[in-house]
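Structure first, commentary second.
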Amino acid sequence: MGYKITLIPGDGIGPEIVREARKVLDAVGKKYGHEFDYTEILMGGCSIDAYGVPLTEEAVNTAKASDAVLLGAVGGNVGNSKWYDVAPNLRPEAGLLKIRKDLELFANIRPAYLYSELKDACPLKDEIIGDGFDMVIMRELTGGLYFGERHTESVNGVMTAVDTLTYNEEEIRRIAIKGFEIAMKRRKKLVSVDKANVLDSSRLWRKVVAEVSKDYPEVEVTNMLVDNCAMQLVMNPGQFDVILTENMFGDILSDEASMITGSIGMLSSASLGKTKLGLYEPSHGSAPDIAGKNIANPIATILSAAMMLRYSLDLDKEADAIEAAVAQVLKENYRTVDIMSEGMTQCTTTQMGDLIANHLA
Ligand code: NAI
Ligand code: MG
């Protein structure tokens, strides 16, 4: 079957890592009989150079007309690039905010998975790591404190700042449904994280999650307070499958979870909306310090492509095959420089892509 994929290589290492992900997708397509039809669009600094804006309407329309979008990264050296001597809405990262908004991507998923081969890179003790961990954090992305009304004013001569944390039940319901759908594709365990002992918005969150859970009787649901969750992540990370939470809690918890996996070059992400169309990208940025050297780790982007197959195209076994190929290459001791350690075989960006693609052949 044929699928329309929009590719956004972007800036810095973006084109190098997207090229390897495409190589791996082509290998999967060949093996399982799928046709991936790619259209490349410009976003970020490269679009500024070509069109004067970080993302054109035409590019957005191309993305909207596709089945899924795979992004490398955008942006340059912030302290030392002509792209930043302009208003914020004309800078490279504005392209990213625009595409998330235009595609209405309200759910951000970040997996935190520990490869047994990379245990040394995990800062936790062996007895805590145990058999490892494999979780995804599902963070609400377009509501809550970051989008609530805010102002700063002088109240009786004392400067006072106000931020408001607002959620309505529709916003909670749509992210909860995404969370349960993802739990159904995994180990069917969902922990909903809130601060219901203090916040009204959390009490509403809990109520709506309980309602949605009735449509997913196979999923085991528990509630956890956010402060406890922060503690549990470093005490017993193996207990988690899907963590579902609001915007700010998810921002903080996903950074905490990513740190216990080792390298940023391994971490994928997905942003999903109401439809199947999602945006998939590595968690890292454009790494201008190593761009053009063919040393960047392409695995985060390759794993993002696997998420794209699973969540936008419903190609579960193809996604599993990519993940297995990545694990196999690590087992064979191949490492890019960011995850290199003694006794391993160092390889380039291109070689890593070739090795993973060859495992799929
Ligand atoms: P960064 O993630 O690009 O780099 C941080 C450090 O990690 C650097 O030392 C880099 O060399 C290393 N690194 C990142 N990805 C790697 C990979 N795949 N393999 C090996 N090493 C890797 O973050 P930084 O330096 O703060 O930002 C650089 C640019 O990226 C900025 O313009 C920033 O705005 C942009 N950015 C873009 C994002 C996106 O497009 N979604 C997300 C984060 C940052
Ligand atoms: Mg963050």
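Glycine too: its Cβ is placed from the backbone N, Cα and C atoms.
Just so you know, TrEMBL annotations are computer predictions that nobody has curated.
Cβ neighbour count for Arg100 (substrate binding site): 17 (other Cβ atoms within 10 Å of its Cβ, all protein chains included). Among the features that TrEMBL reports, substrate binding site is placed at Arg100, Arg110, Arg139, Asp227.
Taking the Cβ of Asp227 (substrate binding site) as centre and 10 Å as the limit, one finds 12 other Cβ atoms among all the protein chains shown. Per TrEMBL, the feature Mg(2+) binding site maps to Asp227, Asp251, Asp255.
Feature annotation from TrEMBL assigns NAD(+) binding site to Gly285, Ser286, Ala287, Pro288, Asp289, Ile290, Ala291, Gly292, Lys293, Asn294, Ile295, Ala296, Asn297. With a cut-off of 8 Å between CB atoms and residues at least 6 apart in sequence, the same chain places Ile17, Ser263, Gly265, Met266, Thr336, Val337, Asp338, Ile339, Thr349, Met352 near Asn297 (NAD(+) binding site), listed in sequence order. Secondary structure from DSSP puts Asn297 (NAD(+) binding site) in coil.
Per TrEMBL, the feature domain 'Isopropylmalate dehydrogenase-like' maps to 4-356.
Tyr146 (site 'Important for catalysis') is surrounded by 15 other CB atoms, counting those within 10 A of its CB over all protein chains shown. For Tyr146 (among others), the entry in TrEMBL reads site 'Important for catalysis'.
Summarising the annotation, TrEMBL assigns site 'Important for catalysis' to Lys195 (among others). Look at Lys195 (site 'Important for catalysis'): DSSP puts it in coil.
Candidate recorded positions: Arg100, Tyr146, Lys195, Asp251, Asp255, Ala287. Those with a Cβ under 6 Å from ligand 2, in sequence order, are Asp251, Asp255. The shortest Cα-Cα distance from Asp255 (Mg(2+) binding site) to any of the binding-site residues (Arg139, Ala291, Lys293) is found for Arg139. Put simply, Arg110 is the one of the recorded positions Arg110, Arg139, Tyr146, Lys195, Asp251 whose Cα lies nearest to the Cα of Lys293 (NAD(+) binding site). Non-local neighbourhood of Ile295 (NAD(+) binding site): Thr336, Val337, Thr348, Thr349, each in the same chain, at least six residues away, with C-beta under 8 Å from its C-beta. Across the structure, Ala287 (NAD(+) binding site) and Arg139 (substrate binding site) place their CA atoms 24 angstrom apart.
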